[in-house]
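Feature annotations, courtesy of Swiss-Prot:
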BINDING   I19, A57, S58, G62, R342, V373  FAD binding site
Amino acid sequence: MSPSLDSSRPIVIIGAGIIGLTTAVFLLESHYYKQHRPPIHIIADHLPNDPLDAKYASTIAGAHHLSFADDGDERQRKWDMRTFQIMYEQWRQLGEESGLMALKQTELFVGQKDHLKIYEEHPNFMTLPVSELPPDVDHAVSFTSLAITPSVYLSRLMKQISSLSNYEVKIHRFHLPCLSFLSHPSITALIGQEPPAAVMICVGLGALLLGGVNDLSVYPTRGQVVKIRAPWVRSGYTRQVGNLNGGEGGERTYVIPRANGEIILGGTREDGDWYPYPREETTKDILKRAMEICPNLCPANLVTQPLSSSYGHSSILAANEQPPSHENPLDSLIIDSLVGFRPSRKGGIRLERGPDLDGNTAVIYNYGHGGQVGRALGGQPKRLLLCFARRLGFEGMDAGSNSKDFHSVIPEITYRL
């Protein structure tokens, strides 16, 4: 029997990272939900306000809007730019409460003398003259982009879920060992006796161990970053050495400021590495690379270097906050060194409908996004989810989810680790 969306049957989302939460927002924005208001439950091991955990990368990574749409991929370019426009307007309206900050972004390229054409569509785009290029840099551009503070952004998603559902969406902290456990009394006591109409599996690395999924193609890509406090730096910098390859190739060094004065420095890509603690030698390497692309991180350089420009609501320095004086100034700025596991997958993202559970519950997979969370949240997955929704009987689901509404809650973000 094909699953149907009887409005009395719950929809269950497994996972409460940025993928799971944005999936919930999408469902709540749908015409079907507004008409029928089926129960929606989120079941997760980790929640946004939990202590930092390498397996829950959503709150650890640096994040910014930085498209990697190929020049020939016109559709993805349109999605990414529309997302930027919506997010930029959110920042203009809400300021730091949005979890976003507009800033000048500088992209440095080593070993190549061109850039993605989508950068030229951003405000304030310019190509840096050769005379202004740092040592060993072959090409550079700058433009206005957006940085995100994940904890603030995720908190806003949680508030949206509550608001859109009139506090009817239930979030349960529960370790689900296997999909068949959804019929266990300990779960039915939470979600009701009716079997779920649909289960959305947004578990990231959890897909490796979740019974009934056990996807052996899932693996961690370890990322280490350094969080410092340097509120005088309000511009973002990225250096790409080698082929970009969709944002995951070569070596990338980045400096991502946040609205609260923190800065994320990174990063690393270590496939299959489960070590959850920072490595001291990696921290030193990140600091060295970050200083190469942004000397203003070191307060001593502020005497001879101009302050990074800002497009933000906040001043560069708070009234009572001055650059510290210290023998090792970068060491004095460090808040923490952090490790997170990108939920990577051989073969790429799994976004598809699988076999029904017990012949009565539709199963939709949405995991394996690695560091490219934005591709998980843009227009292409929307269309796939709509396709699955129609097969499930979500008639008219898209009627209430136009492009503007969808992108306003599900942005194109690049999570950096």
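Yeah, the Cβs are placed from backbone N, Cα and C, and that goes for glycine too.
S58 (FAD binding site): 26 other CB atoms within 10 A of its CB, across all protein chains.
If you draw a 10 Å sphere around the CB of I19 (FAD binding site), it holds 28 other CB atoms from the protein chains shown. Note on R342 (FAD binding site): other Cβ atoms within 10 Å of its Cβ, all shown chains, come to 26.
Other Cβ atoms within 10 Å of the Cβ of G62 (FAD binding site), summed over all protein chains shown, number 30. There are 29 other Cβ atoms within 10 Å of the Cβ belonging to A57 (FAD binding site). Secondary structure from DSSP puts I19 (FAD binding site) in a helix.
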